[in-house]
Amino acid sequence: MDVAAKSESKDNLPLLLTQSADPLKRTGISNGRLSGLLVNISLYGFAIAFVITTAISLRTIQNSFCYHNKGPEAACESVDAYYMLLFGAIQIVLSQIPNFHNIKWLSVVAAIMSFTYSFIGMGLSIAQIIEKGHAEGSIGGISTSSGAEKLWLVSQALGDISFSYPFSTILMEIQKASGIAVTVTTFVYLSCGGAGYAAFGDNTPGNLLTGFGSSKFYWLVNFANACLVVHLVGSYQVYSQPLFATVENWFRFRFPDSEFVNHTYMLKLPLLPTFELNFLSLSFRTAYVASTTVIAMIFPYFNQILGVLGSIIFWPLTIYFPVEIYLTQSSTVSWTTKWVLLRTFSIFGFLFGLFTLIGCIKGIVTEKIS
């Protein structure tokens, strides 16, 4: 649902964000440059998360068909790595699309798919609650054996929530679009999360649609997972194209006379329209997709990876830099009530991000060694 809003962004999104923060220059690296770096890191992180999520959905579809054709006792487990490689191969091809403006149609399709699978997951959860006659779970959340375990799970959940609100990937100037996107996102996430927990209780999966494998509406579950895959195929490009543009524009600025960097060839293949081929784009974008796929294969931990990404980018991009920009541009006097409140808010955001980051890293280490 937030993809449609992001489609309004330009190819040089990170550069624009960097320029917005330039008044905050300090000694050494400026806050503007640092914010631009963090934005690009967050875009890269989203790409990794999309690889993991797509593999989970493809595996769920395959297992669903297997169980319903061979019975619930059949050995239908599959390896996520195969699906990650398939997704990576598709993205290598799509990544050769010249720029952001050529994928507007893909962004629209992705947004429609997002609404579709979200409401299907919500509807199936509500149907399961009605069928059982009661809601699972409790006000205390998932049961744990100790208070420490509960604390770590809370930190990971907060990290996931941070990941769900990537304000920094939308231009600050698009205030109306941001407001609409956040409102719709909050409604859908809360509805799906609440309905999912009420349907599954302590067994609620990180990816809600994977919990309906035994549902009599398996065909609808498979359709929803297919919509999710289509959504992420488009979202990968929506998030990655601004990063592609930033890196390639930097190379073109640094090496204006390089044929490898600047020359574009027109290639015509049988039965296909003519398309542009640039060796810099071909090599960098292929390496980029390959790296996100490999990292996803090494750390295929859905919730924990999302939590780490959310923890890293939430405080600096959503709290610290906006607060600094506001204080600088509004010439707020130090130690006034407004200044103290905003500084306190920023410090609290830092502690919040640190807490969630530690918890999510612990989750990854626990999953890896187990």
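Positions of Cβ are set from backbone N, Cα and C atoms, glycine also.
Since the structure is predicted, the reported quantities are computational estimates derived from the model, not experimental observations.
Feature list (source: TrEMBL):
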- 37-58: transmembrane segment (TRANSMEM)
- 38-363: domain 'Amino acid transporter transmembrane' (DOMAIN)
- 103-124: transmembrane segment (TRANSMEM)
- 217-239: transmembrane segment (TRANSMEM)
- 306-327: transmembrane segment (TRANSMEM)
- 347-365: transmembrane segment (TRANSMEM)
> Between the transmembrane segment (306-327) and the transmembrane segment (37-58), do 3 or more CB pairs sit under 8 angstroms, pairs being 6 or more residues apart?
Replying inline: yes
> Looking at 103-124, 217-239, 347-365, which one has the highest count of Cβ pairs under 8 angstroms to the transmembrane segment (306-327)?
Replying inline: 347-365
>> Six or more residues beyond either end and a Cβ under 8 Å away: which residues meet both conditions relative to the transmembrane segment (103-124)?
In response: 1-4, 6-7, 94, 97, 188, 191-192, 195-196, 199, 208-209, 212, 215, 217, 220-221, 223-225, 227-228, 230-235, 237-238, 241
